[in-house]
Amino acid sequence: MFRKLAAECFGTFWLVFGGCGSAVLAAGFPELGIGFAGVALAFGLTVLTMAFAVGHISGGHFNPAVTIGLWAGGRFPAKEVVGYVIAQVVGGIVAAALLYLIASGKTGFDAAASGFASNGYGEHSPGGYSMLSALVVELVLSAGFLLVIHGATDKFAPAGFAPIAIGLALTLIHLISIPVTNTSVNPARSTAVAIFQGGWALEQLWFFWVVPIVGGIIGGLIYRTLLEKRD
C-alpha cells in the first residue's frame, strides 16, 4: 500500500508542479507566454507522463474526484479511498509550496493579487462567469473525464493507450474551461494553490471539492450502469 500512496503523492505533485507551474510561471511571460493552450497542454502532459511512470503501481489517479469516481464505477476498493485522497492532497501542497518559493523570487510577486492559478467563479472567474456556469462546466467535464478514464482502462479497450487518451482528455477539459473556472476537475489541485492564495480561493474551495467529486461519481455510475460491457 505504501508504494501506491507514494505513487499517488508523486503523481499529484507532478500534476500541480507542471500544470499550475506553467500557469504561474510561463502563461503570462512577456511576449513569449504560453497562454491558455500552453497551460492546457501542460496539464495533459503531466497526467500522460506520470500515468506511464507510476500508473502500473497505483492506477495513476492523481485526483480525489478520479479515485472516488472509480470507486463509484466499481473499479476501486472503498477501503483505499481515504489514503489515496490524503496522498494526493499532500503531493499537491508540496508542489504548490515549491512553486510559491520559486515565484517569490521575482520582484513584485503577490500570490493573493495574482490568484496563484487558483480556481474561482463569479468575480474570481477568469472570464467573469457565474457560479451556475462554473457548476455546469465542472460537473459535466468531471463526469466526462471519468467516462474517458473508465473506457480507456476497460479490459476491452486497446492495451497501452489509456495514458494518451486520459492526458488528451485533460488537455481538452482545460481548453474548454480555463476561462470559466481556471479549470479544477481536481480537488487536490484546487486545494494546493488555494492555501497559498490565502483569500477568496479558500472561501470558494468547498465548491471545487463538491462539484468535481459529484461529477466524478456521475461519470463512474454512467459507465458502470450504461456502458460497461458484461462478460
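Here the Cβ of each residue, glycine as well, is placed from N, Cα and C on the backbone.
Some features that Swiss-Prot has for this protein:
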type	residues	note
TOPO_DOM	1-8	topological domain 'Cytoplasmic'
TRANSMEM	9-29	transmembrane segment
SITE	Cys20	site 'Involved in tetramerization or stability of the tetramer'
TOPO_DOM	30-33	topological domain 'Periplasmic'
TRANSMEM	34-54	transmembrane segment
SITE	Phe43	site 'Selectivity filter'
TOPO_DOM	55-81	topological domain 'Cytoplasmic'
TRANSMEM	82-102	transmembrane segment
TOPO_DOM	103-130	topological domain 'Periplasmic'
TRANSMEM	131-151	transmembrane segment
TOPO_DOM	152-155	topological domain 'Cytoplasmic'
TRANSMEM	156-176	transmembrane segment
SITE	His174	site 'Selectivity filter'
TOPO_DOM	177-201	topological domain 'Periplasmic'
SITE	Thr183	site 'Selectivity filter'
SITE	Arg189	site 'Selectivity filter'
TRANSMEM	202-222	transmembrane segment
TOPO_DOM	223-231	topological domain 'Cytoplasmic'
Legend entry - DSSP-derived structure type at Thr183 (site 'Selectivity filter'), helix or strand or else coil: coil
Inset, instruction - Go through the chain and flag residues at least 6 beyond the ends of the transmembrane segment (202-222) whose CB is under 8 A from any CB in it; none is fine as an answer. - result: 63-66, 68-75, 119-121, 124, 131, 134-135, 138-147, 149-150, 181, 184-187, 190-191, 194-195
Legend entry - Distance [Cα-Cα, Å, rounded] between Cys20 (site 'Involved in tetramerization or stability of the tetramer') and Thr183 (site 'Selectivity filter'): 10
Inset, instruction - Using C-alpha atoms only, work out the spacing between Thr183 (site 'Selectivity filter') and His174 (site 'Selectivity filter') and round it to an integer in Å. - result: 6
Legend entry - DSSP helix/strand/coil residue counts for the topological domain 'Periplasmic' (177-201): 18 helix, 0 strand, 7 coil
Legend entry - Beyond the flanks of the transmembrane segment (131-151) by 6 or more, those residues with Cβ under 8 Å of it: 65-66, 69-70, 73, 75, 121-122, 125, 157, 162, 165-166, 169-170, 173, 176-177, 180-181, 183-185, 207-208, 211-216, 218-220, 222-224, 227-228
Inset, instruction - Would you find the one among the recorded sites His174, Arg189 whose Cβ has the most company, meaning other Cβ atoms within 10 Å? - result: Arg189
Inset, instruction - Only counting partners 6 or more residues apart, tell me which same-chain residues put their Cβ under 8 Å from the Cβ of Phe43 (site 'Selectivity filter'). - result: Leu15, Gly18, Gly19, Ser22, Leu170, Thr171, His174, Thr183
Legend entry - Sequence-remote partners of the topological domain 'Cytoplasmic' (1-8) [C-beta within less than 8 Å, at least six residues beyond its ends]: 54, 57-62, 80, 83-84, 86-88, 91
Inset, instruction - Count the residues of the topological domain 'Cytoplasmic' (55-81) that DSSP assigns to helix (H, G, I), to strand (E, B) and to coil, and report the three numbers in that order. - result: 17 helix, 0 strand, 10 coil
Legend entry - DSSP residue counts for the topological domain 'Cytoplasmic' (152-155), split into helix, strand and coil: 1 helix, 0 strand, 3 coil
Legend entry - Cβ neighbour count (within 10 Å, all chains shown) around Thr183 (site 'Selectivity filter'): 29
